[in-house]
Structures are given as C-alpha cells and as structure tokens.
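K.L.:
Structure provided below as structure tokens; questions to follow.
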Amino acid sequence: MQINLNLKEKASSYKIYINELERLELKGKVGIVTNAKVAGLHLEKLLSVLKCDEKFIISVPDGEEYKNLTTIEQILEQLFVSKFDRSSTLIALGGGVISDMTGFAASIYERGISFINIPTTLLAQVDASVGGKTGVNNKFGKNLIGSFYQPKAVFCEINFLKTLPKREFAAGMAEALKMAITFDKEMFSWLKSVNLDDENLAKLVEKSINLKARVVEQDEKEKGLRAILNYGHTFAHVIENETNYKEFLHGEAVAIGMNMANRLSVRLGLMSEAQAEEIKQVLVKFDLPVSYKIENEYAFYEAFFMDKKTKGDKINFIIADKIGSAVIKNDVKKEDVLETLREFK
C-alpha cells in the first residue's frame, strides 16, 4: 500500500509505503542509524532486502535522554570518517527519537543529504516519521534545536510492531488518539470499540498516516493548521522536562497533556464535562496515564514560555473544543491555567 504526501515544493513530496520494504533500493553509501535494541530485532530484515552500493551501521544510545547535540556530533563524525558525500543516504531504523535525530543529522551534513524513515514503533509509524520535523532536546526544553526536513520516503512494516513492549505500544496509541480527537470523530468512535488485531492495526496506521499527510500537505511548516497536532504537547513537554525524560515515554506524557488540555477546555466552557470524561476513559482503555502530580503550578506555568509555540508573552494552547475539533487559544487567562494545574496537585 502507498500513501502520497504531496507538498507545494514538488521535489519534497514523497511516498509512504506500508508493508513494501522490499522496494528499498538506493545508490551510493548508506548509513543505517539505529540502536542496539532495535538492531537486534529488525536490522537483519532490513539488510536482507536493502539494495545499495555500500552500507554502514551507525549505532546510537537508546533513550530520549540521548536525543541531544552530543549524539548528533557522534553521528556526523561517523559520516565524515566514512567519507559520506551529498549522494549518500541515511536510514532511520527505530522509533521517534531515531527518526528525529537522523533527519536532523541529514539536514545539516554538508548542508543536506537524503534520508529515509523506517519506523519500528507505533508512535513513529503513525506520527513522528511523517511530516519532516527533526531535532533534538537541550536543557531549555524539547525539540528546541531542529529543522523541517522531509524524508525521501517512509517504509512502515506492520510486523515490526509485534515486537513492541505493551507500554511502547500504548505510547503510540496516544498519538493516534490525538489525531482522532482533533480531526476525526469517526476514527475516535472506531478506536473506542475496536479490537486491534493485525488487520485493524494496519487500518490504524493507514488512517493515522492519511490524516497526518493531509494536514502536512496544507501546512508543512506549522504556520496554522498543523499546530493543532501539538494538542497535549504543550503540557507534555513540561512534564518530560521536569522528569528529565526518564519517568514517562513521550506518548505517555502526551496522554497526560491531553487530559490536562481537556480540563482547561472544560474550565473555559468549550468542551463538555461528558466528552472530557469520554476521552479520559479511552486513554485509560489503552493503558495510558492521565495524571501527573504537579508540585509547583507557578513553575509549571513559567515553563510554558520555553515552548516553541509561545509567541512573546502569549502561550498558544491547543485545545479540543469537542471530539473531532480543536482550536488554538492565545488569550487564556493565567489564573484559568493555574486553576487547571491545581486540579493535578
């Protein structure tokens, strides 16, 4: 199955392939960026189908805490030592962290070389690998250093998801639910009752990618519509930073963030209490956390100002006003936000 992502700059458009990895044929040097855990599960499969002139394995540490400039420098050093040039290609074999770092390294090596995403987690297949967001974290916050840089192609293998731990799978469901809650109430209703067997899992990936692709086509650089896909993330990024990226997986933090955003929406008179509870119960159904103990609501609030979506003294909150619809609010009173945060003390 193929999904086309058609961007205004036609040279940046690309295809997303589902269960068609055998199509992968490249020229020149190829660097496969992965980590030891993913390599042990999926590298053999990739090497068995990959057709190229010369291949190199670039192993990086596993974990969000290693998504930083130090790791990027390690990747770049291996590219220089191996004499990669502008005709070379990087392959991201892994989850969202691998995808983000590989894309960023590709975007800055010799001012840009090609890269291909082969996402191995549900979170990466339904979200992180599609759309061209790349980057790393630093002490000031998440993804504050990065670029928009589109892959040449994305290859999603549904069988790769069978090796995921239950917690990793749930984290991916948070991103799929995010898209359903903000853009597609029918998809949300489907997820409420679906049994995710192999067939429905493939449908979930297809539905999510189609949604993401259509949004990116309209707003590649996140000037408006695409920002809606940051629903839950304004809160999530603060949670991740406060816990040094060690307590929650990204999707888990997003699930908590969506619940927090919904509580704010209810307080503002946008979302009904019933729908906020309905969403919360679906998050719980997929084994996602919905609460986080906030020690200091004032410090939490101030951390919002390090978010990329903040403009000057205006915090852009992405808020679902009902299932299947969301708005961007930059006029939320500080006290309304603080009162919402106090619900989680």
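Every residue gets a Cβ built from N, Cα and C, even glycine.
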K.L.:
Going by Swiss-Prot, E175, H250 bind Zn(2+); tell me which of H42, H233 is listed for that site too.
P.N.:
H233
K.L.:
I'd like the Cβ neighbour count for T163 (NAD(+) binding site), meaning other Cβ atoms within 10 Å of its Cβ, all protein chains included.
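P.N.:
Taking all protein chains shown, T163 (NAD(+) binding site) has 15 Cβ neighbours within 10 Å.
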K.L.:
Can you see whether DSSP assigns E175 (Zn(2+) binding site) to helix, strand or coil?
P.N.:
helix
K.L.:
Find, for the listed binding-site residues D62, F160, the residue with the lowest Cβ contact count at a 10 Å cut-off, counting only other Cβ atoms.
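P.N.:
Counting other Cβ atoms within 10 Å of each of the binding-site residues D62, F160 gives the minimum at D62.
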K.L.:
If you count the C-beta atoms lying within 10 Å of each candidate's C-beta, which of the binding-site residues E65, S99, T121 ends up with the smallest number?
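P.N.:
It is E65 that, of the binding-site residues E65, S99, T121, has the fewest other Cβ atoms within 10 Å.
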